[in-house]
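Student: The domain 'Major facilitator superfamily (MFS) profile' annotation in TrEMBL covers 15-456. The transmembrane segment annotation in TrEMBL covers 63-83, 95-115, 121-143, 155-174, 186-207, 272-293, 313-331, 338-360, 366-390, 402-425, 431-452.
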Amino acid sequence: MDLAQQLTGSLLAVAFLTSFGSSMLYGYNLAVVNSPAAYIKSFYNKTVVSRNGTGLSGETLTLMYSLTVSVFAIGGLLGSLIVGMLVSRFGRKGTVVNTTVLVFMAGSLMGFSRICGSPEMVIIGRFITGIHSGISLSVVPMYLGEIAPKNLRGFLGLVPSIFIGTGVFTAQILGLHELLGKEEYWPLFLSVVVVPTFIQLLLLPWFPESPRYLLIEKNNVHATITALKWYRAKCDIQAEIEEMQEEQRSLSSVETLSVWSLVLDDSVRWQVLSVVVINIGMQLSGIDAIWFYTNDIFKNAGIPVPEIQYTTAGTGIIEIIAGLIGCFTIEKVGRRHLMIGGFTMMGICSAGITLALILQLLFMRYVSVCCVVGIIAGFCIGPAGVPFLITAELFKQSHRPAAYIIGGSLNWLSNFTVGFVFPFLQMSAGSYCYLVFATVCFSVAIYVYIVIPETKNKTFMEISRMFSKKESILETQGLFHVDQLKLKKMNGYGGLEHTSLEFDSSSSVP
């Protein structure tokens, strides 16, 4: 069956609702502080003057605004640390639904901040939206990855990245001076996040929970069969249930692992290291610096100030197009190629921005715009969504929540670092600051090429065996001296006695 035949209405509806109400909010919150930056700084300064009689210095105001931008990432870090507990207790869908209350709290705080004369309400609101995004960025790809058949897992896994781009584009359009870009509208502009969340809250509860969660963690066969019939175009679901039961048997004596247990488990060392590298690389690639400070980048490149908001909004179209390209090609070209190509493109364009800012020639302002577009396009094609998808694919049910905690926490720590440090890095290193991002991008692309195998159209058990095979090959080559008995121990990982499955050359590391 082709993609159109396998995509049921329920699969598409869940992918839309979870991404629209969660991933889109993440993209919106990344870009929403860009347009009203001057108004927010003015509000902060006026409030301090009314309280203390004196205004803020330039450095203090920059520090306070940087905190407003980066506190979103601190909230995201907290959200990513509690996601494992939430998905085990409430389920995947249940976590998405129950955490919508955070968005309504944050929207209220930011929306009434100017009336109350409280910069603290803006900062706390940003912090709470960060918590929601930290949870959503882990649980949404986990949910979609578990409800999708193996040959559509990549397609559905990248749907959230399309909505992240859509969220950024929405913030750029609404931030135009003709819409909500006026000074009197910035609190409303920040609180628009409640609208998609309200729609999600109305509709998502009617859809079933993840079948894998229902069977493997709750051992509810009847609910699993009901959920699979919702999510599959044909009623023959026996093979899929048997694959889940095989995984359940391999984990019968294993509890859901803690983060510390996962880190200490030698049998998944390469999976954990890969999650660490791609999640840190995703944020240190410089994409958040581009999203947070697009207007400043274009201003430094010499773009006339009246044209900057329209140039910035135009880049949003590229995000959506690039996300669609990645979504519709991932099952053909694979995960590896999208990540390698995306990071390489971002590295080249980051170096190009440095060159454009150094030369400051008339035509270089257009080169700078093209490089910004190239970074955004390269990111949205692969690195925007594939790391979250890969995190789900590299681990079994018992390991997956802890893996998402590790990947999510590192992702948000890196996000905070870039958002907070970039203005100061730009002041100290000038045009050369983008070379740091270029180095990171090229390094991650090389790592993916060498280490991470292709996982498209593979079951979770098959992917587990691929890494078992890799580990055993490295042992025979003398690269790692791991006790043979450790490899044969459990959890289904590293079990050499299970490696009877043969893989072709396309499934192995080059």
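Using N, Cα and C of the backbone, Cβ positions are placed for all residues, glycine too.
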Student: Where does the mean pLDDT land for the domain 'Major facilitator superfamily (MFS) profile' (15-456)?
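Tutor: Mean per-residue confidence for the domain 'Major facilitator superfamily (MFS) profile' (15-456): 83 out of 100.
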Student: Are there three or more C-beta pairs under 8 angstroms joining the transmembrane segment (366-390) and the transmembrane segment (313-331), sequence spacing 6 or more?
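Tutor: Yes, the transmembrane segment (313-331) contacts the transmembrane segment (366-390).
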Student: If we call contact 3 or more Cβ pairs under 8 Å (sequence gap 6 or more), are the transmembrane segment (63-83) and the transmembrane segment (402-425) touching?
Tutor: yes
Student: Can you tell me which of 95-115, 338-360, 366-390, 402-425, 431-452 gets the most C-beta pairs within less than 8 Å of the transmembrane segment (272-293)?
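Tutor: Going through each listed stretch, the top one turns out to be 402-425.
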Student: Pairs 6 or more apart in sequence, C-beta under 8 angstroms, 3 or more of them: is that satisfied by the transmembrane segment (338-360) and the transmembrane segment (402-425)?
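Tutor: Output no: the transmembrane segment (338-360) is apart from the transmembrane segment (402-425).
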Student: What else in the chain is close to the transmembrane segment (431-452), if you only count residues 6 or more beyond its ends and a Cβ gap under 8 Å?
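Tutor: Residues 270, 273-274, 277-278, 281, 284-286, 289, 335-336, 339-340, 343-344, 346-348, 350-351, 353-354, 357-358, 390, 422, 425, 509-510 contact the transmembrane segment (431-452) from elsewhere in the chain.
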Student: I'm a bit unsure how to read this: which one of 95-115, 186-207, 366-390, 402-425 has the highest number of Cβ pairs shorter than 8 Å with the transmembrane segment (155-174)?
Tutor: 366-390
